[in-house]
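Over in Swiss-Prot, the protein carries these features:
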- ASP193, ASP195, ASP240: divalent metal cation 2 binding site (BINDING)
- ASP193, ASP195: divalent metal cation 1 binding site (BINDING)
- HIS339, HIS341, GLU410, ASP526: Mn(2+) 1 binding site (BINDING)
- HIS371, HIS528: Mn(2+) 2 binding site (BINDING)
- GLU410, HIS437, HIS465: Mn(2+) 3 binding site (BINDING)
- 1-315: region 'DNA polymerase type-X' (REGION)
- 333-570: region '3'-5' exonuclease' (REGION)
Amino acid sequence: MHKKDIIRLLETIAVYMELKGDNPFKVSAFRKAAAALEQDDRSLSEMDDMMSLSGIGKGTYSVIKEYIDEGKSSTLESLQKEVPEGLVPLLKLPGLGGKKIAKLYKELGVHDAESLKEACEQQKVQGLAGFGKKSEEKILQALGEAGKQPERFPIGYALRIAREIEEHLSQFTHIIKFSRAGSLRRARETVKDLDYIIATDHPAEVREQLLELPNIKSVIASGDTKVSVILSFEYETSVDFRLVTEEQFPTTLHHFTGSKDHNIKMRQIAKERGERISEYGVETVETGEIKTFPSEREFYAHFGLPLIPPEIRESGQEVETYSDSIELIELGQIKGDLHMHSTWSDGAFSIREMAEACIKKGYQYMAITDHSQYLKVANGLTAERLKQQAKEIDALNAEFENFRILKGVEMDILPDGTLDYDDDVLAEMDIVIASIHSSFNQPEHVIMKRLETALTNKHVDIIAHPTGRLIGRRAGYEIDIDQLIELARKTNTALELNANPARLDLRTEHLMKANEQGVTLVINTDAHNIEMLDDMKTGVTAARKGWTETKNVLNARSLKDVEAFLKRND
């Protein structure tokens, strides 16, 4: 448990109280307590005096203490019994907060999406104070869009489901090995369904275990070589499991990894040699003999090719253009993480705790880059607080051996095109990240002018999540990617691949362009808690898909080389 868990609890209780129609002062008390914790620079393990914080009283403290001691909240459980379950999902609808939903519940008897839709269709909602005809129309539109089964899932959702499935597979008996296949193995940013290849000598036993997986809504197929199920999570998710022998595993894995175009190209090569590729192996057409391979590497070697990384198996052209001389970045080459947050802004853990987690990963360095003063919602740091934070970092650096914490900041590029700090403040930083968090709807030329201001400032080292997109949720702001890459090249400023699975920004095609131009890239997690540091794996996979070579990745370099880059404009 960390501080963010408690903040979420307090905010959730406030929302439920609002839905119930409780006294606004009680609602406010829980929101104030959440804000008090958010604004305190310490992590949960460092706080032994919560009652001394302005905003936390006896009532809210007793709720916090129960949650810490017992891992549950009787206050929240009681509220959940009193508030209709169907009201909570309505909070996801744009324009509907707790107060408005409480009004709909109290005055119209709205208790779920269906009853809200009915009230709107009967034009009852527009008659309530605080609503109108346009509000009613927007609610109906939002209800129509909510809960729709997307054709393809964002990779972040697919990864969550995959990890849950793999946790079960790793505990099954009679499985020799298993692997993801399909578009998830190729690291596509959206995924239609999940595919697994399982090597086993006991397919019947494995099949029975697969049919006992939790969350199965329906079974589509259940044979000795294939089990297909629909799993019910946030969305209904189709999963195919293919059961093969160990010797068939490499060619089956290759076949079902795809892509279609990659497989077509490989089949053409085989045909020219008088061979035929199938999921079972490589058949010599003349004799009917089928050859299998110990691994995909030997499969490709059979055709005189290097092992082509699954992430780049897309157009088929990679069969001709990829060679062993291309050194795509690997997770083990990452030496540090240069974008993360602590309790000084909106992170869940202290600088020490984040540093200790990075040391456990074997990193040589990290950068603490809390939000700047403009982002008040994230408890952004004033220039004075940056100075105070620097003292804490200095003390930790004096304590740690063979590890360096870089003093940094994630500075907002403001809507008017100026930067959130003056140059004299930035000059004191080891590393400066610049990013856009506001006014996404500005026209392209205005956005580009904002980015240019940052890129041409000699103190700015990195542009974070350069397009602002969220996969499947937000397209991001309008930018000229070619101009951005050229500016980054000219100013020798690094562009970030934000490894958060919801972002993966820069995207694949942008990474390809940046790599072609030799732009310095940096793979950062933007971690707001210790668990998010693990997103580096997803980021590296996304970087590989964009043909990112080790030589172009800033945080694959030694501390000495990183420091040289950061001082390039001195």
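Any Cβ shown, glycine's included, is placed from N, Cα and C.
Shown on the structure are the features that Swiss-Prot records.
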| residue | record | DSSP class |
| --- | --- | --- |
| ASP193 | divalent metal cation 2 binding site | coil |
| ASP240 | divalent metal cation 2 binding site | strand |
| HIS339 | Mn(2+) 1 binding site | coil |
| HIS371 | Mn(2+) 2 binding site | strand |
| HIS437 | Mn(2+) 3 binding site | coil |
| HIS465 | Mn(2+) 3 binding site | coil |
| ASP526 | Mn(2+) 1 binding site | coil |
Nearest-integer angstrom distance between the alpha carbons (Cα) of ASP240 (divalent metal cation 2 binding site) and HIS437 (Mn(2+) 3 binding site): 39
Candidates ASP193, ASP195, HIS437, HIS465, HIS528 (binding-site residues) - the one closest to HIS341 (Mn(2+) 1 binding site) by CA: HIS528
Integer Cα-Cα distance in angstrom, ASP193 (divalent metal cation 2 binding site) to HIS339 (Mn(2+) 1 binding site): 32
Extra residues within 8 Å (Cβ to Cβ centroid of GLU410, HIS437, HIS465), Mn(2+) 3: HIS371, ASP412, ILE433, SER435, ILE436, ALA464, ASP526
Segment-level pLDDT (mean, integer) for the region 'DNA polymerase type-X' (1-315): 92
Neighbours of HIS339, HIS341, GLU410, ASP526 excl. site residues, C-beta within 8 Å of centre, Mn(2+) 1: MET340, THR369, ASP370, HIS371, ILE433, ALA464, ASN524, ALA527, HIS528
All-chain count of other Cβ atoms within 10 Å of ASP193 (divalent metal cation 2 binding site): 16
Nearest of the binding-site residues (ASP195, HIS371, HIS437) to ASP526 (Mn(2+) 1 binding site) - Cα to Cα: HIS371
Beyond the site residues ASP193, ASP195, ASP240: chain residues whose C-beta lies within 8 Å of the centroid, for divalent metal cation 2: ALA181, GLY182, LEU194, TYR196, SER228, SER238, VAL239, PHE256
Spatial neighbours, same chain, of HIS465 (Mn(2+) 3 binding site) - Cβ under 8 Å, 6+ residues apart: SER435, GLU496, ASN498, ARG503, ASP505, ASP526
For HIS528 (Mn(2+) 2 binding site), the one of ASP195, HIS339, GLU410, HIS437 that lies nearest, given that the binding-site residues are compared by Cα: HIS339
CB within-chain contacts under 8 A for GLU410 (Mn(2+) 1 binding site), separation at least 6: HIS339, HIS341, THR369, ASP370, HIS371, SER372, ILE433, ALA434, SER435, ALA464
For GLU410 (Mn(2+) 1 binding site), the three-state class that DSSP assigns: strand
Least buried by Cβ count (within 10 Å) of the binding-site residues HIS339, HIS528: HIS528
